[in-house]
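Accompanying notes for the structure given below.
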Amino acid sequence: MKIPFTKMHGLGNSYIYINGFETTIEESRLSELSIAVSNPNFGIGSDGMILLLPSEIADVRMRIFNKDGSEAMNCGNGLRCVAKLAYELGYVTSRSFTIEAKAGVVDATVQLDEEGSVDQVTVDMGEPILERQKIPMVGQGFPEDRVINEVFQTKNEALRGTAVSMGNPHIIFFIENIKNAPLESLGPEVTNDSRFPEGVNVEFVEVVNSNELNFRVWERGSGVTQACGTGACAAGVASVLNDFSRKDEEITVHLDGGDLVISWSENGHVWMTGPAVTVAKGDFWHV
Ligand SMILES: N[C@@H](CCC[C@H](N)C(=O)O)C(=O)O
């Protein structure tokens, strides 16, 4: 089967985008297709696969599959790239429009460069979910409690974590120096920890000052990636919850692949602004 694709990235977090307005793939084959396209040796190479689809409740719809074939509820870098793709392919004509993800409907606004291509996208990511049971995370205390700077015992050390869901779960550990982020050792351990019944995206964050954070991530289902949009939003929220940053102020999050600007407004919504880039277009042959 020949599948037309576009490879795109948001700060190096790359996905293979399939235009579901024109190409239909059987539901039962989506997971294996994500594993196949993501493989850098036998496939194209990416952190997963994203579908751009028609929606009944928004202007367009996004579905995101991780590298291991698992489907996720949300993807910040994916939302910006889907916005670029939908606008440039003409499925939306206004510069502001809505995108449905499994986590809900968000508003996206594209900014154009001199040639009329989308280069930056701002997304109103909605309100973060902070109640322990909705992260979901198992632990002491009441299910509706927030998990802020809570002791998190790993095999070898006691960390302190803050849990935030942006439609998908994140645990943020603030550390002194981002260069020492124990991604390879603790990423797999924490993402598979039984306290997270649905797994978790694991983030290490160094506070540079109240408006700047250094950030590294181990993504559930994909491992170390260059950037995670929902993770950067969760880090901004966690920084406010821990009194390192303030609401309504812009926080620049420095990720391995570049910068995202995040702010958590007084009205509860989290805003994310950053780039969306097209890398290549082609056909993937899948048996
Ligand atoms: N890279 C993404 C998040 C992708 C999904 C995540 N790995 C999960 O399983 O929740 C982003 O930019 O937000």
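A Cβ is built for glycine as well, from the same backbone N, Cα and C atoms used for every other residue.
Annotated substrate binding in TrEMBL involves Asn13, Asn66, Gly76, Asn77, Asn168, Glu219, Arg220, Gly229, Thr230 plus, out of the candidates Asn149, Asn156, Asn180, Asn201, the residue Asn201.
With respect to their backbone Cα atoms, Asn13 (substrate binding site) and Cys228 (active site, proton acceptor) stand 7 Å from each other. Separation of the C-alpha atoms of Cys75 (active site, proton donor) and Cys228 (active site, proton acceptor): 8 Å, rounded to the nearest whole number.
For Gly76 (substrate binding site), applying a Cβ distance below 8 Å and a minimum sequence separation of six or more within one chain yields Gly10, Val123, Met125, Met166, Cys228, Gly229, Thr230, Gly231, Ala232, Cys233, Leu260, Met272. Around the Cβ of Cys228 (active site, proton acceptor), 35 further Cβ atoms fall within 10 Å across all displayed protein chains.
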